[in-house]
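K.L.:
Pasting the feature list from TrEMBL:
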- N63, Y66, E67, C120, S155, N202, R207, S218, S219, K220: Mo-molybdopterin binding site (BINDING)
- 82-236: domain 'Oxidoreductase molybdopterin-binding' (DOMAIN)
Amino acid sequence: MRLTENHVTDENLYLNRRQFVKGMTATGLIGIPFIANALDFSKNQNYQEKLKLTDPEHALHYNNFYELGTSKEDPFRNADKLKTDGWQVVIEGECAKPQTFDMDDLLKLEQEERIYRFRCVEGWSMVVPWIGFPLSKLLSKVEPNSKAKYVEFISIEDPNLPGQRFRVLDWPYREGLRMDEAMHPLTFMATGIYGESLPNQNGAPIRLVVPWKYGFKSSKSIVKIRLVEKQPLSSWMVATPSEYGFYSNVNPNVSHPRWSQAKERPLGSFFKKKTLMFNGYENEVASLYKGMDLKKNF
Ligand SMILES: Nc1nc2c(c(=O)[nH]1)N[C@H]1C(S)=C(S)[C@@H](COP(=O)(O)O)O[C@H]1N2
Ligand SMILES: [Mo]
């Protein structure tokens, strides 16, 4: 399965259907289950940029989560197929104190809210308030050693996930970051969104958010984090090597092989706007890539 431009333009179709569903709710025919548990968190004042937030109606129903299906509404529709009870995150590899964390342990870390821009490689974008903690806080608990040059993220694998019955990707979903990217203060582990626990379709119970990279780098439903010496291969690099490189930093000057990345359409808007270098986080992250050719190192 390869991404097509249909994925970019099918939102209108989806919107019409949502309007219909909304209408039915108003007449009391069906209810849309909304997200359940409130989280304890504080707003991190350093990340409260005054950006127009995406309507949750879009961010919670127009998703990419191929484990739950490849159409935009599949993850919401199949959300109950993802079982998050007893979830654990294993951290292993090049570190002094490999550990397995229960979700309770992770929720005991101080939870903060941050408003971030998010840009999918397909050309849509959103602005959402995530809740969670910086990945660096978690990684420092296992004490990475000097061989830990990269971090690999492994998502859930479960034969009951409808999307994993098909080999649209080499399961489980895998992504990676360089160690300095992983330890960057912007790199975030999200446990919630819009003030509530993450809904399944957005990657419950815990996902990565790397706001200066295309959305596919932000792995959902993570079960394992490995500290490794060599650059890991991501599922997308295996599936479509000509399209996806390891870095995948948002860059309006480097086109996707089949479309321009100069503009993006915020979910819920009919108009496109210019895409910003590093998705607007250039001041924070450009120094990570000093001396690198950003056209070659897509
Ligand atoms: N495990 C997993 N993580 C994933 C994906 C996926 O299919 N599986 N899709 C990625 C892509 S392409 C995007 S754009 C974002 C979408 O996140 P959202 O649905 O919360 O907006 O999740 C990313 N993380
Ligand atoms: Mo994406």
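The backbone N, Cα and C atoms fix where each Cβ goes, and this holds for glycine too.
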K.L.:
Compare all C-alpha positions of N63, Y66, E67, C120, S155, N202, R207, S218, S219, K220, the record's Mo-molybdopterin binders, and send over the largest distance in angstrom.
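P.N.:
Greatest Cα-Cα span of the listed binding residues: 19 Å.
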K.L.:
For the domain 'Oxidoreductase molybdopterin-binding' (82-236), would you mind checking the mean pLDDT of the predicted model?
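P.N.:
Mean model confidence (pLDDT) across the domain 'Oxidoreductase molybdopterin-binding' (82-236) is 98.
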K.L.:
Would you count the other CB atoms within 10 A of the CB of S155 (Mo-molybdopterin binding site), including those on all shown protein chains?
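P.N.:
I count 24 other Cβ atoms within 10 Å of it.
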K.L.:
Taking DSSP three-state, what's S155 (Mo-molybdopterin binding site) in: helix, strand or coil?
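P.N.:
Where S155 (Mo-molybdopterin binding site) sits, the three-state DSSP reduction gives strand.
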K.L.:
Can you name the residues of this chain that are 6 or more positions from R207 (Mo-molybdopterin binding site) yet have a C-beta less than 8 Å from its C-beta?
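P.N.:
Listed in sequence order: M189, A190, L198, S218, S219, K220, S221, I222.
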K.L.:
Run through the Cβ atoms and count how many others sit within 10 Å of the one on S219 (Mo-molybdopterin binding site).
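P.N.:
Counting Cβ neighbours of S219 (Mo-molybdopterin binding site) within 10 Å gives 25.
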